[in-house]
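Peer 1: My structure is below; once you've seen it, I'll send some questions.
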Amino acid sequence: MNPNYTDSEGNATTNKIESVLKRLEEIRAEEKQLLSVLENLKTKEKNKCGQYKIKKSKVLVIGAGGLGSTVLLYLCAMGVGKIGVVDFDSVESSNLHRQIIHKENTAGLPKVESAKRAMNELNSGCEVETYNTHLKSSNALEIFEKYDIVVDASDNLPTRYLINDACVITKKPLVYGSALRLDGQVVKYNYKGGPCYRCMFPKPPPFDKKASCSEAGVLGVVPGLIGCIQALEVIKIVLSADSPQPTSSYMLSFSTYGNPQFRQFRIRNRRPDCEVCGESPTITSLIDYPAFCGADSTDMAPVSKVLEKSDPCRISCMEYSKVRKSGQPHILLDVRDTDQFQLCSFRGSRHIPLDRLVSEGQEYANGDNSSTGKESQFKNLVDDAKEKNLPIYAICRRGNLSQSAVKALREFANFEKCYQIDGGITAWNKTVDDGFPFY
Ligand SMILES: Nc1ncnc2c1ncn2[C@@H]1O[C@H](COP(=O)(O)OP(=O)(O)OP(=O)(O)O)[C@@H](O)[C@H]1O
Ligand SMILES: [Zn+2]
């Protein structure tokens, strides 16, 4: 620039040009700053947008059975960015009435693979990571670390305590669900200062065969409903990540024949002396959960201990079908609960729910028939069988309760001509008559 140029009034132009150029540079810097502020604002807005939060979320679902099927389908359909699925089991066609993520053509596949196929077809934008394995103390923490929220869609106590403790240790909220027979529940545990599962149930109840899904059964649509609510709670957690701590925690309970069908109960606050989430926890790493619960982590666990496998009274469905075909007179004793018996039963079978059989059996053994005031069905059964010299064949859903029925007949009435049909109506459906209604 030539400093000798002047404008019409004789002022030096060089200085003017330089100052204009300087201002231009300042304006450019300001513009850059403003653009970056704008960009930040846009990102903040985007982060506030629900769908974006859902897309960024990572959810782990334990169990791809009845509850897991609906949870997985809805979370995937709603656009959760990453979903982990843990299950060690394979698809059986008898699962399909309630495990709706699986199909006839995926029977035999690992459940996690079958679930992944369905999820990929539904929303290819959702990343699905599968764990075809038993969730155990040795692998849980490593898996949990990769996710923001954990869903318990399992079906047994050791797994439920394991999931709870792993959530407390890794600081993940837990959306718990359970469905049995005609009822179900959903609770958020370890969420924003609320209680954990152990705060509610510090010690596991004694194993109850009747309270296991495989024995008690579940009406297909119930886990569907409960799974939907679990998915909803997951989405609520994702969307309200920045909201303040809730003042109380609740359990949502569903009962098919309830009035009302849905109820909400306030549950206790975090227990200061809770062994895992309390003020001085004694459980700071994962423990041996099957030992803690006295059951292994399948919901069939300690069953075969009622009668030895080699006990001659245990017969297969095929053997019992020969008895039926031969026309041999006998009594078929169905010991399932009444609601299950009403769903389907063998024509001519005699129904005494196991609870009643055992309590009346005890009275029979004690020579006391007065406490209930009712006619003793146990006594009638034994009298009929003895009088007409008829063997008794006991049946239930999976072959668990019927073992206890045989034990009761032996112990309380010294009745030895009784048999237990292994695998119950589930095995009957699979091995003898697939037209027999199954639930
Ligand atoms: N510790 C565990 N690790 C991995 N998967 C588990 C664990 N515990 C339970 N599950 C899975 O959780 C699911 C529970 O679902 P659900 O009870 O509907 O299925 P199910 O066991 O096939 O049913 P049923 O007992 O009537 O045959 C099952 O698929 C089971 O394999
Ligand atoms: Zn606790």
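Heads up, the Cβ atoms here are built off N, Cα and C, so glycines get one too.
Below are the features listed in TrEMBL for this protein:
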type: TRANSMEM; residues: 59-80; note: transmembrane segment
type: BINDING; residues: Gly66, Asp87, Ser94, Asn95, Leu96, His97, Arg98, Lys111, Asp155, Asn156; note: ATP binding site
type: BINDING; residues: Cys196, Cys199, Cys274, Cys277; note: Zn(2+) binding site
type: ACT_SITE; residues: Cys213; note: active site, glycyl thioester intermediate
type: DOMAIN; residues: 326-437; note: domain 'Rhodanese'
type: ACT_SITE; residues: Cys396; note: active site, cysteine persulfide intermediate
Peer 1: Same chain, not part of Cys196, Cys199, Cys274, Cys277: whose C-beta falls within 8 angstroms of the C-beta centre of the Zn(2+) site? Give them in sequence order.
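Peer 2: Nearby residues not in the site list: Asn164, Val168, Tyr189, Asn190, Pro195, Tyr197, Arg198, Arg270, Arg271, Glu275, Val276, Gly278.
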Peer 1: Out of Gly66, Leu96, Arg98, Asp155, point to the one nearest Cys199 (Zn(2+) binding site) in space (Cα versus Cα); all of them are binding-site residues in the record.
Peer 2: Asp155
Peer 1: So which of the binding-site residues Gly66, Ser94, Leu96, Arg98, Asp155, Cys196 sit close to ligand 2, that is, with a CB under 6 Å from an atom of it?
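Peer 2: Near the molecule: Cys196.
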Peer 1: The record names Gly66, Asp87, Ser94, Asn95, Leu96, His97, Arg98, Lys111, Asp155, Asn156 as the residues that bind ATP; what is their largest Cα to Cα distance in Å?
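Peer 2: Across Gly66, Asp87, Ser94, Asn95, Leu96, His97, Arg98, Lys111, Asp155, Asn156, the two farthest Cα atoms sit 20 Å apart.
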Peer 1: Less than 6 Å between Cβ and the nearest atom of ligand 1 is the rule; apply it to the binding-site residues Gly66, Ser94, Leu96, Asp155, Cys196, Cys277.
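Peer 2: By the Cβ criterion, which requires under 6 Å to ligand 1, the hits are Gly66, Asp155.
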Peer 1: Which of the recorded positions Cys196, Cys274, Cys277, Cys396 has its Cα nearest to the Cα of Arg98 (ATP binding site)?
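Peer 2: Closest by Cα: Cys396.
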Peer 1: DSSP three-state call for Leu96 (ATP binding site): helix, strand or coil?
Peer 2: coil
Peer 1: By CA-CA distance, flag whichever of Gly66, Ser94, Leu96, Cys396 among the recorded positions is nearest to Cys196 (Zn(2+) binding site).
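Peer 2: So, of the listed recorded positions, the one sitting closest to Cys196 (Zn(2+) binding site) is Gly66.
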